[in-house]
Structures are given as structure tokens and as C-alpha cells.
Amino acid sequence: LTGVLDDCLCDIESIDDFNTFKIFPKIQKLQERDYFRYYKVNLKRPCPFWADDGHCSIKDCHVEPCPESKIPVGIKAGSSNKYSKVANNSKELEDCEQANKLGAVNSTLSNQSKEAFIDWARYDDSQDHFCELDDERSPDAQYVDLLLNPERYTGYKGPSAWRVWNSIYEENCFKPRSVYRPLNPLAPSRGGDDGESFYTWLEGLCLEKRVFYKLISGLHASINLHLCANYLLEETWGKPRWGPNVKEFTRRFDPIETKGEGPRRLKNLYFLYLIELRALSKVAPYFERSVVDLYTGNGHEDAESKALLLDIFRDTKSFHMHFDEKSMFAGDKKGAKSLKEEFRLHFKNISRIMDCVGCDKCRLWGKLQTQGLGTALKILFSEKEIQSLPEHSPSKGFQLTRQEIVALVNAFGRLSTSIRELQNFKVLLQQTR
């Protein structure tokens, strides 16, 4: 995987070097700080698009075969016989028990943390909220320690996971009916030349719609990389051993096994990295103001966190091959405005689909990464507002909540980790040859 990326003047090798030597070590440190490690999320919102099929893919099964609270509303309202059908299937029961061991979301918090959250909420409430986020005030919203709940392979797969990605690609990626090839890379392709005719069609799209597809494909590739890099390799004496799974990586990204798709997916990961990197460089003036404080109640730690964040911003500004977002939505004003709104609504819909993910841990990281990308897009489309921010008072024109800031940093941290893991897989592949 080498050379220049499409739709921008940046090459893969430059991103690899920049990420490995400048960004990755610092973003890792930042994610460990209290302000960035706790994320408030509602994992109990019902899926707004469909009722699930009752098969337990969820990793946190407290009751056999599945906890009541995790069964989507549509099924609970429907026939309760689905329970007995699942309960009588011993294979699914075993899956459920295995799931319980694999990846329950660890929501334990110290009393000190709980007190700090009350302070944070008070501090956030004094800010001007710019946009509607996950319903933080809902009694179902809870703080999760991201360090105790790493993103990794949980065993969540099958029809439920397929349906989520299928809905994202097929219904939200500006696809006309004349294109038969499924956008979803998990779907079986039809016919021999579908791949090339699909990419010819994609190149014919306007830049904005092409970018939208690449962002989603890049996010998908990044998540798949995390799962391959943090895979359950074996479980001996009840102690799981996690690590890179070269076979799984090859299955998802090898050019031969994926009919040439794998490298394209990875290129889209690099493209997504560039978009979020650009957003970080653009939002720096917002955080450089003295009025913005990464508030946790610990003054010394807060000052250190802000200094580290500003250091990362300086690095992002020093990168010399940024994506130029000015080329987007640059047509006639009326058409550009309408396209931007369509882009925003499509993305908002994808963030809602994350409430249909059946595994709590996958849902947690899916919601965080889509919110992080949504925040990056919000920043790129608010350049004028960011440039005219007042130095000593909160702004009405552009505001980020703590949730958006935590999501932005952690989502970019995941991309930085993906690109780092890709280097590791290159080494491992050379060793296995």
C-alpha cells in the first residue's frame, strides 16, 4: 500500500511517518487523561429502524439466554415465543455464555470519579450547547471508562452485524438504483465486472458524495483493523490472550482474498485520517483561548492536559499535505447549501443506526467514532465561526460540548492506532512469508 491518495495531494508514506513519530505517542498519552477517558453514552436507546431478530449476539448476557433489557422493544412487544426458541437452541445458549465472558462493558467508577462528573456536568451546563447530542440527561446515559473497555473482537457477527453495515452503505451513501453492486463490502458481489464498473461510477460522482462514501468505508476499515489487532487468540485457564490475528487481517484486506477491495478500503482509512487531522488543525484556535479549560476539578492535571492537546494541534498544523476542504460545497450557493444539508442528514442518520448495534461494546465504540467524525465535519464546516471567536467569553457562533471533544480526540486516536497497527501487520506478514 503506497503512493498518492485519490482526491488529495498526500501520499501514504508521509502519513505513516507523521503518525508514527509525531502523533501516535502523544494522542495515546492524551487518551489516558481523566478528561478524555470517561465518555457518557446511552447504550439502551432502542433501534429506530427495525426490531431485531432475538438472536443473542450481545456480549453482556446477565440472564439466560439474553437480558430482558437488551431485547429490542419491537420483540418484547411482539411474540414472547422467540425466547423459548432461542432458549432451546443449546448452540446459541453457549454463544451467549461465551459472550458474557468476552466483552461485558465495565462501568465501574470510583466515588472520586462520580463527584468529578457532577462538577463536569455543572461546568458543561454553563456553556452554550451548539447541537443536540446523545441524550446525556437521560437516566439511561452512563459514564464509561474507555480504558477499561478497549475496542476489540467480541464475537459479535452474523446477520445482526451485517444488517447494520448494510443499512449504512445501501441506504445512506448516495447510491442510485442503477448501480447493482452492493456498496457493502460484506455483501456477495454479483457478476464479474461489478467491481470495476462500480468504481467507474464512484469516480463519476461529485466530490462531496465520493468523500462521504470514503469516510464511511474508512471508518469500517479502521474498526475491522482494531478487531484484527485485538483478537481473542486463546483462552487458557479462564485467562484470555488478546493479540494480532494475521489470518483474520488477510481475510479482510488481502487483495486476492478481497478481489482487489482490501487496499482500497485501507486507502479510505488514510483518507479519513486526513479529514480528521484537518479538523484538529482547524479547531486549534477554539482551544487556544484562555476561556477554554479541560475541566476536571484538578487544576494541575487540567493544565497539563491542555498543554498536551495544544502540542498535538501544533503538530497537526505542521503537516504539509492537508486535505483542502474548500473544494467541497464550492458550487453555486443554493446548490451547495442543499448538498451540505443532505450530507449532514445522511450522516446524522448513520449516527442513529449505531443504536441498532447488538453488542454493547461495539455500540459504545461505534457511537463514539461516528460522533467524533460528526464533530470533525462540524468543525470543517464552521471555519468562519471559529476564526471570529471572542478571546475571553463563550461563543454563540461555535461551541463544543465535553462529549464532542472527548469523541473527537478518541475517534482520531482510534485512526492513529489503526495506521500504527497496519505497520505491525506489515511486519508480521513479512515474517510469515
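Backbone N, Cα and C atoms are what each Cβ position is placed from, and that goes for glycine too.
According to TrEMBL, the active site, nucleophile annotation covers Cys359. A sphere of 10 angstroms centred on the C-beta of Cys359 (active site, nucleophile) encloses 26 other C-beta atoms.
In sequence order, Thr154, Tyr156, Ala161 make up the list of same-chain residues 6 or more apart from Cys362 (active site) whose Cβ falls under 8 Å from its Cβ. As annotated by TrEMBL, active site applies to Cys362.
For Arg152, Thr154, Trp165, Ser217, His220, Arg252, the entry in TrEMBL reads FAD binding site. The Cβ of His220 (FAD binding site) has 21 neighbouring Cβ atoms from other residues within 10 Å, across all protein chains displayed.
What TrEMBL records for Cys56-Cys61 (among others) is disulfide bond.
The disulfide bond annotation in TrEMBL covers Cys96-Cys131 (among others).
The disulfide bond annotation in TrEMBL covers Cys359-Cys362 (among others).
Neighbours of Ser217 (FAD binding site), defined as other CB atoms within 10 A of its CB across all chains, total 23. If you measure from the Cα atom of Cys359 (active site, nucleophile) to that of Trp165 (FAD binding site), you get 14 Å. Taking Cβ-Cβ distances under 8 Å and a sequence separation of 6 or more, the neighbours of Arg252 (FAD binding site) in its chain are Asn224, Cys228, Thr258, Gly262, Arg265.
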